[in-house]
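Colleague: Starting off with a structure, shown below.
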Ligand SMILES: Nc1ncnc2c1ncn2[C@@H]1O[C@H](COP(=O)(O)OP(=O)(O)O)[C@@H](O)[C@H]1O
Ligand SMILES: Nc1ccn([C@@H]2O[C@H](COP(=O)(O)O)[C@@H](O)[C@H]2O)c(=O)n1
């Protein structure tokens with residue numbers, strides 16, 4: 001089998017549990033085995049715009065992401081090269097000044113709402129996963145998370161969800177389910193699916209002779 005890293009894409013709507021699923025899988029491995037690459041870290045830099053302007057950006061449109069940079073980085077990681085991953089700050093709606101140097105690993109998990117939307121990204125993936133959680137559950141999870149972790153108010157989360165997130169999800173995220181090899185219902189607490197994914201990854205790593 002090839003020595004190149006295995007690339008796994010994990011897509012799904014906001015609040016579906018993509019991050020939770022991915023972290024649960026990673027917990028079953030050592031630090032050296034799996035690298036998590038968050039598409040959110042590749043939102044376009046908006047530091048040139050005033051804060052008020054950044055509030056108007058549609059963060060649920062494919063053009064909000066700097067996929068060119070993400071693709072460049074994933075290609076480098078596949079070639080076993082290191083990259084400098086940007087860091088995104090949801091509270092200020094732009095990248096922070098720091099970058100995180102990351103080395104390539106045997107398995108790269110690429111996680112984000114629209115990782116299955118761009119055919120160039122899909123082409124780099126060996127396994128495509130879609131975390132499928134009902135919209136009512138997702139909005140409740142997002143509400144709690146965004147208030148606690150992303151500096152938002154109840155009103156701002158609801159307004160953004162109704163006017164932008166929901167319609168964009170139906171247009172750009174939900175249709176990408178058709179590209180998935182595996183659909184994981186409910187996300188974070190689906191231990192059966194998480195264990196199956198971890199077993200598959202262990203098999204892949206064993207086949208690579210590590
Ligand atoms: N099965 C679950 N039960 C309860 N809360 C969950 C579950 N899965 C995820 N969460 C919580 O919901 C929020 C969104 O989950 P997250 O994994 O960040 O979703 P995503 O990455 O798809 O946006 C987080 O605060 C997380 O802790
Ligand atoms: N400045 C930003 C950037 C993104 N968002 C929202 O994040 C969602 C994607 O992240 P998940 O962890 O929920 O998958 C997306 O739906 C954007 O609306 C934001 O609110 N502000």
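Glycine too: its Cβ is placed from the backbone N, Cα and C atoms.
Positions annotated as ATP binding site by TrEMBL: 12, 13, 14, 15, 16, 17, 18, 19. Residues annotated as domain 'Phosphoribulokinase/uridine kinase' in TrEMBL: 7-192.
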Colleague: Which residues, sitting 6 or more apart from residue 12 (ATP binding site) on the same chain, put a CB under 8 Å from its CB?
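Modeller: Long-range Cβ contacts: 18, 113, 130, 131, 132, 133, 173, 184, 187.
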Colleague: Out of 14, 16, 19, give me whichever of these binding-site residues has the highest number of other Cβ atoms within 10 Å.
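Modeller: Top count of Cβ atoms within 10 Å goes to 16.
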Colleague: Work out the three-state DSSP category of residue 17 (ATP binding site).
Modeller: coil
Colleague: With an 8 Å cut-off on Cβ distance to the 12, 13, 14, 15, 16, 17, 18, 19 Cβ center, who else from the chain surrounds the ATP site?
Modeller: 113, 131, 133, 138, 141, 187
